[in-house]
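Enquirer: Annotated N6-acetyllysine per Swiss-Prot: K29, K53, K60, K67, in sequence order, evidence recorded as similarity to another entry. What Swiss-Prot lists as N6-succinyllysine is K29, K60. Annotated phosphoserine per Swiss-Prot: S56, S58, in sequence order. Annotation comment: Swiss-Prot describes 23-98 as topological domain 'Mitochondrial matrix'. According to Swiss-Prot, the feature topological domain 'Mitochondrial intermembrane' maps to 125-169. According to Swiss-Prot, the feature transit peptide maps to 1-22. Residues or ranges marked as transmembrane segment by Swiss-Prot: 99-124.
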Amino acid sequence: MLATRVFSLIGRRAISTSVCVRAHGSVVKSEDYALPSYVDRRDYPLPDVAHVKNLSASQKALKEKEKASWSSLSIDEKVELYRLKFKESFAEMNRSTNEWKTVVGAAMFFIGFTALLLIWEKHYVYGPIPHTFEEEWVAKQTKRMLDMKVAPIQGFSAKWDYDKNEWKK
């Protein structure tokens, strides 16, 4: 009964979502990526097209004035002409961003979340540490291996001096 209701709800949501996606497609204008596009990149300093594509009347007049001598242009007009062609200067492109703070913050968040998860697992999931990890047990096991003379040529027992009952130096 519950599974049937869940599947019907999921089915209705899937159908309504796909209808919304199909209805939404007619509103959005798709971009033609075969045409040249404007990009601000340091390694590609001259983009294929200008930043401003549709010029206003004052911008068209400024473009006509550009064809004459550049010494007659003011500094502001030269800057405006530059801004018609480029969105950012090299200084603006090279300016550091604060994106590193977001990256470091996200990394610290995930490291902290992982640490909390490990603490929770150690407390609630894992059982007690086996008795074979205790120092007393390890000492007994080492003594047993030495008594059995395990790997006497190059291994464990080769490093033990049986006459002095100590490790060789």
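In case you wondered, yes, glycine gets a Cβ from its N, Cα and C as well.
I'd like to know what surrounds each of these features in this structure.
Expert: In the three-state DSSP assignment, the secondary structure recorded for K29 (N6-acetyllysine) is coil. Within its own chain, K29 (N6-acetyllysine) has no residue 6 or more apart in sequence whose C-beta sits under 8 angstroms from its own.
According to DSSP, K53 (N6-acetyllysine) sits in a coil region rather than a helix or strand. Within the same chain, no residue at least 6 positions away in sequence has its Cβ under 8 Å from that of K53 (N6-acetyllysine).
Within its own chain, S56 (phosphoserine) has no residue 6 or more apart in sequence whose C-beta sits under 8 angstroms from its own.
For the recorded site, S58 (phosphoserine), the DSSP three-state label reads helix. The number of other CB atoms found within 10 A of the CB of S58 (phosphoserine), across every protein chain shown, is 9.
Within 10 Å of the C-beta atom of K60 (N6-acetyllysine) sit 10 other C-beta atoms, taking all shown protein chains into account.
In the three-state DSSP scheme, K67 (N6-acetyllysine) falls into the coil class. Packing around K67 (N6-acetyllysine) is summarised by its Cβ count: 7 other Cβ atoms lie within 10 angstroms of its Cβ, all protein chains included.
Counting only same-chain residues 6+ beyond the ends of the transmembrane segment (99-124), none has a CB under 8 A from a CB of the stretch.
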Enquirer: Using C-alpha atoms only, work out the spacing between K60 (N6-acetyllysine) and K67 (N6-acetyllysine) and round it to an integer in Å.
Expert: 11
Enquirer: Reported in the order helix, strand, coil, what are the DSSP residue counts of the topological domain 'Mitochondrial intermembrane' (125-169)?
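Expert: Counting residues by DSSP class gives 20 helix, 4 strand, 21 coil.
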Enquirer: What whole-number Å value do you get for the CA-CA distance of K67 (N6-acetyllysine) and S58 (phosphoserine)?
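Expert: Per the Cα atoms, K67 (N6-acetyllysine) and S58 (phosphoserine) stand 15 Å apart.
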